[in-house]
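As structure tokens, the structure follows; a few thoughts come after it.
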Amino acid sequence: MAASKKAVLGPLVGAVDQGTSSTRFLVFNSKTAELLSHHQVEIKQEFPREGWVEQDPKEILHSVYECIEKTCEKLGQLNIDISNIKAIGVSNQRETTVVWDKITGEPLYNAVVWLDLRTQSTVESLSKRIPGNNNFVKSKTGLPLSTYFSAVKLRWLLDNVRKVQKAVEEKRALFGTIDSWLIWSLTGGVNGGVHCTDVTNASRTMLFNIHSLEWDKQLCEFFGIPMEILPNVRSSSEIYGLMKISHSVKAGALEGVPISGCLGDQSAALVGQMCFQIGQAKNTYGTGCFLLCNTGHKCVFSDHGLLTTVAYKLGRDKPVYYALEGSVAIAGAVIRWLRDNLGIIKTSEEIEKLAKEVGTSYGCYFVPAFSGLYAPYWEPSARGIICGLTQFTNKCHIAFAALEAVCFQTREILDAMNRDCGIPLSHLQVDGGMTSNKILMQLQADILYIPVVKPSMPETTALGAAMAAGAAEGVGVWSLEPEDLSAVTMERFEPQINAEESEIRYSTWKKAVMKSMGWVTTQSPESGDPSIFCSLPLGFFIVSSMVMLIGARYISGIP
């Protein structure tokens, strides 16, 4: 029997989408933007201490190999010729920090994840040394001094991990965010791997000047970071190197394919949603929640707690675009917490069913500040709370409150963005794994009181990376000209409650947020000076109140 003929679908482009919770490899038709096949692997997170979040860089890399291999197998089963994959793009969780040995190729410590809080004391120490004025870091980077960004994570590694210190002394250390680690490994690693990053990822390190688009010497000196360990900064769309995978790895089918696109995941989603015009915005619902608004070639600095960041630069000679961003630490992660920590649900999909059973939180409010509060508060002392509980409250109400929390946090960011831009959004474009939850999308429309618009193909983060890779000079299989971009079908969610009810729910949520603040400090419990014991008036009041209560009961003869 003659072998079946492989299908020819026009040039194909692959995309590695490496997120906090999972890794995926997806393949698109560059002429239609159709998703042809993909594979996903969940990634473990480690929590060695309270507030610490780590991942194994080698597990992340092997998950990429596995996803490439399995996706290629699936394409073969569909009779699609994988030799037609002309380029590969990378999108990645931002800020997560890796340091590795360029001689051995081994990571020198686990990846310190963007959610990690161990650097709060480092941040407080650095804030006391800011030269000149408190705007020193933000004016150059668009970012507040926070545990969120890579510079303080790298500073912690240099201060606390002897292997990292030794490798830096011996000129063997390389630093990078996840994109750098993957591109270096996929282009050969110790055998000529390319050590680079793109402008969007560099802009999240707190070491990168978003005006000059270069590593900033003053910032590196302030944080005490040796510049020789930093990756070369490139545009988001150019050929960085060719796939060069070890023969021991089955994913070698794509050997020699150029890696030609790289964007931090939120910038990739902005591109994938085709938000190329000033004022266009998207919100991605993943582990966290990230609302970006394209501000064009101009850096717009927020007065309301938002970040200024690089949106994209789609080619070496192309202009840079900036964005205002609101970041929420915990969105999809709250669903994972309900599943893994509380056991309220067995699968993430169950939460929609539970929420649908009651259709209300019944006055229960959930502030999932597990890693403090990000935009617009930037309050690391906050911690998660569930309040408004009664004897009537059950797991369905808590599930509903968890979904509402994601929507309320988005509302806070959108309000801040409207104040900064002066032009309220008429609708919100959304993407990310959580958008498959129809109750969440309807809640979001109700709480924002504007329509929520969701593309029928939700993989916009990977699509953005694929578009950047396919459009790169020397590849040229994907046109980004407006007239050539494929039309995307959309699902639209209209508000179904009145504006007054929306405002009442939102104002009650704001009260709950205030109650979540001020729960922790960086003061060591070993210092012998914890605040609860320092308050003599409070202690005296509690003891004397108890004495009076006991005395009153005794006098009145109450048993």
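Cβ from N, Cα, C; glycine included.
As written in Swiss-Prot, here are the features:
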type     : residues                         : note
BINDING  : T20, R94, E95, Y148, D265        : sn-glycerol 3-phosphate binding site
BINDING  : T20, S21, S22, T287, G332, G433  : ATP binding site
BINDING  : T20, R24, T287, G332, G433, N437 : ADP binding site
BINDING  : R94, E95, Y148, D265, Q266       : glycerol binding site
BINDING  : G252                             : beta-D-fructose 1,6-bisphosphate binding site
TRANSMEM : 532-552                          : transmembrane segment
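Sequence features, as recorded in Swiss-Prot, placed on the structure.
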residue : record                               : Cβ contacts under 8 Å, 6 or more apart
T20     : sn-glycerol 3-phosphate binding site : I43, Q45, Q93, T96, V113, W114, L115, G286, T287, G288, A333
R24     : ADP binding site                     : V16, D17, Q18, H38, H39, Q40, V41, C67, A462
R94     : sn-glycerol 3-phosphate binding site : W114, T177, T200, N201, R204, G264, D265, Q266
E95     : sn-glycerol 3-phosphate binding site : W114, Y148, F149, S150, K153, T177, R204, T205
G332    : ATP binding site                     : S21, Y285, G286, T287, G288, S348, G432, G433, M434
N437    : ADP binding site                     : I351, E352, L403
Across every protein chain in view, the count of C-beta atoms other than its own within 10 A of the C-beta of Y148 (sn-glycerol 3-phosphate binding site) is 29
Same-chain residues six or more away whose CB lies under 8 A from the CB of S22 (ATP binding site)?
-> Q40, V41, E42, I43, S63
S21 (ATP binding site), number of other Cβ atoms within 10 Å | 17
Starting from the glycerol site formed by R94, E95, Y148, D265, Q266, give every other residue of that chain whose CB sits within 8 Å of the mean position of their CB atoms, in sequence order.
-> Q93, T96, W114, R204, G264, F290, S327
Cα-Cα distance maximum in Å, computed over every pair in R94, E95, Y148, D265, Q266 that the record assigns to glycerol | 15
Tell me whether R24 (ADP binding site) sits in a helix, a strand or coil according to DSSP.
-> strand
Grab the ATP binding residues from the record (T20, S21, S22, T287, G332, G433) and give me their largest CA-CA distance in Å.
-> 12
